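Asks: Just dropping this structure here.
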Amino acid sequence: MADKTQASAVDAGLSATHGSQTPAAGGRTPSAAGSEPARRKAKPNYRQAIEAGIFIAPALALFAFFVVWPMIKAVQFSLYRWKGFGPLVDFVGLDNYIRVLQNDVFIGSLTHNLIIIVASIAIQLPLGLLIALLLNRKMWGRAALRTIVFVPYVLAEVIVGVIWFQMLQPNYGAIAVVLDAVGIQGPPQGFLGTVELALPTLMVVLTWKFLGFAIILFLAGLQGVPEELHEAAQIDGASWWQTQVKITIPLIGPTLRTWAFLSMVGSLQLFDMVWILTKGGPANATTTMVTFLINEGTKRSNYGIASAASVVLFIIALVFALVYQRFVLRRDNPDIEPQRKKVTR
Amino acid sequence: MSAVTTTPRPNPDKAVTPKRRRGKRDGHAAGPFVYFMAILLVCVTLGPVMFAVLGGFRTNAQLAESPAGLPDPWVLDNYIRVITSENFWIYTMNSTIVAVLTTAMVVIFGMMAAYPLARFKFKYREQIFMIFVAGLLFPATVAVIPLFILITKDLGLGNSWMGLALPQAAFALPMTIVILRPFLQAIPNELEEAANLDGTGRIGFFWRIVLPLSGPGMVTTGVLAFVGSWNAYLLPLLLLQGDMKTLPLGVADFSSQYSSDQAGVFAFTTLSMIPALIFFLAMQNKIVNGLQGAVKG
């Protein structure tokens with residue numbers, strides 16, 4: 001949840017960036033232009049600036065101290081060989097980066113993150129969309145259903161992880177026992193303990209946890225599709241499926257693209273669930289970039305290596321965000337812009 | 001959820017004659033297939049949760065024997081053991097205090113910062129806002145190692161409520177400001193001018209008009225901050241030990257320490273999801289509205 005909410009903000013931020021940048025190019029933001037009565041322009045607003053400073057100071061200080069400063073430190077640590085004690089003296093340049101990028105475990109973790117990104121979208125997008133379209137129909141118990149769908153998303157990843165960990169245990173776990181009863185021999189090491197099965201099993205749990213998020217988001221998007229369009233399509237003799245495919249899905253395109261973005265950012269930062277379910281094992285079959293850097297940092301005290309890995313993660317996330325923003329989300333901005341102006345005025 | 005589904009409806013409903021509308025709707029009403037899918041969805045979604053809840057009422061022997069059936073007989077021991085254990089309550093208290101501290105800081109500081117960023121005019125306003133927006137792009141996990149060192153070694157705040165609440169608030173601030181700013185911008189200028197004419201300054205305007213009007217925005221951001229803090233695992237894992245642990249850490253610990261005592265683990269897990277579940281389901285509309293806001297930008 002933490003990751004996802006954080007991620008949802010990323011997107012809000014992306015669109016907000018547009019909101020504030022685009023008007024700035026053309027002059028001023030509409031609200032700024034409007035909120036400046038002529039009489040105030042006469043005297044320079046030092047007082048207002050000082051007041052602004054006082055109001056912003058606590059947030060800015062907190063942000064600078066606990067977000068920006070540690071980021072800068074991460075870059076610094078990444079250039080040293082450092083075990084976490086004593087002064088930072090052993091400057092090694094880019095050596096840590098080279099070591100990280102040549103480390104099979106890290107490359108494996110990067111691969112796992114990419115697999116999880118692709119699999120999340122390939123599984124959750126069609127499934128979530130299908131369910132959202134079904135739940136968007138008038139039906140008995142719809143409100144309750146929507147609440148239920150939200151439950152796994154509300155639970156902490158740790159709690160979900162622990163429940164599934166117990167169910168997936170080889171001998172006494174519920175899934176093994178049920179399979180046994182049906183006559184299927186489960187893997188002797190359990191689903192999480194078998195190298196080939198660990199990652200797919202993790203994907204199943206992730207789907208269970210996060211599908212509700214996709215559904216809720218898609219349903220929110222569906223709220224914006226005008227009913228009249230469906231009626232018009234029906235009058236023209238379109239079937240329910242045709243209406244969905246030709247009208248509804250294209251109209252909620254922006255929501256789908258936003259969700260895909262959030263899902264990608266969340267997948268890149270995946271940690272909690274993996275740590276609870278497998279700790280990255282067996283034989284590093286489920287390491288992610290974050291489990292790698294936590295392992296290096298806390299278990300082995302290789303702070304230099306861990307920091308280099310975190311900087312690599314940051315660069316990947318940034319490139320992802322910028323590329324996605326540039327080529328995919330940008331399409332939606334003409335839609336967002338006029339709406340925003342209406343709101344601010 | 002219900003509020004979300006009903007809000008956009010009233011206008012179109014009145015625009016179209018009810019009779020015609022009902023005819024059309026029935027053509028699209030859910031059939032047996034849809035209900036079948038819905039039931040399947042409910043089973044898959046609630047199955048593991050119910051399994052954990054019921055698991056707490058069984059003995060380990062029962063669990064191994066028939067994992068699919070109802071507890072027979074129902075055993076209360078596991079739950080009683082957890083409820084009477086001191087640790088469970090200590091963890092719950094820690095989680096609550098940290099989440100409240102985080103939420104309070106996020107909402108107060110976020111509101112304070114968003115107000116001038118939304119309504120004042122001063123040099124570098126957009127630049128300062130962009131600093132916060134850029135913060136959204138940083139995965140919190142990137143800074144986790146230096147953050148750990150900063151808090152434990154430099155500040156000596158390791159293993160304390162504030163030591164966890166401060167960075168959590170810092171990481172939640174960008175989102176809060178990004179959500180609150182358009183909210184505050186939407187307050188009509190006429191209100192501010194009227195307040196000005198009545199002799200109210202910018203600070204008075206903030207207290208008397210901005211704060212009451214931005215209640216929903218504050219609730220949304222507050223709930224998001226609370227959710228984030230309550231469910232957080234990575235940062236507490238690095239920063240907290242012993243009696244300072246939060247519930248997610250407690251759950252993880254309990255499950256690895258007593259992994260063979262499945263029934264006990266289920267009881268502990270169930271009890272720790274109850275407060276969160278109740279709170280979040282009560283606040284669900286706010287969460288969804290917040291997400292919707294984020295989607296629509």
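Note that Cβ sites are derived from N, Cα and C of the backbone, with glycine treated the same way.
Since the structure is predicted, the reported quantities are computational estimates derived from the model, not experimental observations.
As annotated in TrEMBL:
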type	residues	note
REGION	B:1-26	region 'Disordered'
TRANSMEM	B:29-54	transmembrane segment
DOMAIN	B:92-283	domain 'ABC transmembrane type-1'
TRANSMEM	B:97-117	transmembrane segment
TRANSMEM	B:129-152	transmembrane segment
TRANSMEM	B:164-184	transmembrane segment
TRANSMEM	B:205-230	transmembrane segment
TRANSMEM	B:263-282	transmembrane segment
Asks: How about the transmembrane segment (B:97-117) with the transmembrane segment (B:164-184) - do they touch, taking at least 3 C-beta pairs under 8 Å (6 or more apart in sequence) as contact?
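Replies: They are in contact.
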Asks: Under 8 Å between C-beta atoms and at least six residues away from its ends: which parts of the chain pack against the transmembrane segment (B:164-184)?
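Replies: 98, 101-102, 105-107, 109-111, 113-115, 117-119, 129, 132-136, 140, 147, 151, 157, 210, 214, 216-218, 220-221, 224-225, 228-229, 232, 235-236, 239-240, 246, 290, 293-294.
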Asks: Please indicate, using numbers and ranges, the residues of the same chain that are 6 or more beyond the transmembrane segment (B:205-230) and have a C-beta under 8 Å from a C-beta there.
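Replies: For the transmembrane segment (B:205-230), the sequence-distant neighbours (Cβ-Cβ under 8 Å, at least 6 residues beyond its ends) are 95, 98-100, 102-103, 106-107, 110-111, 115, 119, 165, 168-169, 172, 175-176, 179-180, 183-184, 187, 191-192, 195-196, 247, 276, 279-280, 283, 286-287, 289-290, 293.
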